[in-house]
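A quick write-up on the structure given underneath.
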């Protein structure tokens, strides 16, 4: 990576500003998935071991008005982080002002402070999300000229807490998580060991147009599953019953199929049900066509076998989007089948592009079998599209 990293700067005795991604799910004030906190630990630990004073910034959920602040405080995160680090985490509970500044000024080497949810600043004119220059400048002034961005999950956004701070410090560098994310995803797409197979699922073609276009140029094969299958089917005149379809994307699907030169591999059967919820019948289709009054909710057994064959010998695999409604045991066979086909390839570099695929791998007990699971759905999608991420572009060149 041509950007400075946290290892390139002297941290001892410095107030080091760090953008982490602690946007974790909370239920009644309890964290239900702490993966993002765990993912940030190597960078935080490195800073404090080097004698730096870590000042952490993160958003949590969406905050547009005062009422939205309820249940969006980072207080539970501060407590969880303290337990994981085995030391106190100072939490003033504010995003600016005398109380925050006083707490920062008395920090000692090796201590950690967490600023309150950066999106609290969105209540008054969306200052965080619109990268208000004064806010970025103010937050930058709280440190000693070093900013570490370790929040891959927001690297595709230009906010005050990443791009804004970067613009106002002497050195803006990448943390270990950001560095790893870029290394795995960008290298997989730009300089893959071949054969390189991409697998794209999820419900909407519209979400993945740019990704499909970019990967058709870069990958040896692109396998399509999930709800967007049926938009591709309908574009070819195949009956889809009541399956999900994006009527306004049929021309796009047709154009992608024409452009693909046989690289785009679609399912050859589906698992269909007579309703999305409260169904009374589930069965495998004979071929591609979905029966009248039914809708496809997963890829079928023939498709699993076809995808297994397409993955044989693959050395690089990037997967983004489940093959079906994996949350329901009746429709998770496709996602499980594809995961198992990926991880059994000898010497494969297997990467999950965040979001629902990451949840599927974790929930279905396959997470530890993959080379890398991205922490950022939207950011990884933009990297897969070949886009430049603002949070990354704002870092200091080596």
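Glycine is treated like the rest: Cβ placed from N, Cα and C.
Per Swiss-Prot, the features are:
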- 21, 22, 23, 36, 59, 60, 61, 62, 119, 157: substrate binding site (BINDING)
- 208, 296, 327, 354, 355, 356, 357: ATP binding site (BINDING)
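This view paints the features noted in Swiss-Prot onto the structure.
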| residue | record | contacts (Cβ under 8 Å, 6+ apart) |
| --- | --- | --- |
| 21 | substrate binding site | 36, 39, 40, 58, 150, 151, 152, 153, 154, 375, 376 |
| 23 | substrate binding site | 36, 58, 59, 60, 61, 153, 154 |
| 119 | substrate binding site | 59, 60, 61, 62, 63, 72, 128, 129 |
| 296 | ATP binding site | 227, 229, 230, 240, 241, 243, 270, 271, 272, 285, 290 |
| 327 | ATP binding site | 363 |
| 354 | ATP binding site | 153, 320, 373, 374, 375, 376, 377, 378, 379, 380, 381 |
| 355 | ATP binding site | 320, 321, 377, 378, 380, 381 |
| 356 | ATP binding site | 202, 321, 322, 326, 377 |
| 357 | ATP binding site | 201, 319, 320, 321, 322 |
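Cβ neighbour count within 10 Å across all protein chains ranks 59 highest among the binding-site residues 59, 208. The maximum pairwise C-alpha distance among 21, 22, 23, 36, 59, 60, 61, 62, 119, 157, the residues recorded as binding substrate, is 18 Å.
Comment: ATP site residues 208, 296, 327, 354, 355, 356, 357; largest CA to CA distance 24 Å, whole number. Other Cβ atoms within 10 Å of the Cβ of residue 61 (substrate binding site) number 14 in total over all chains.
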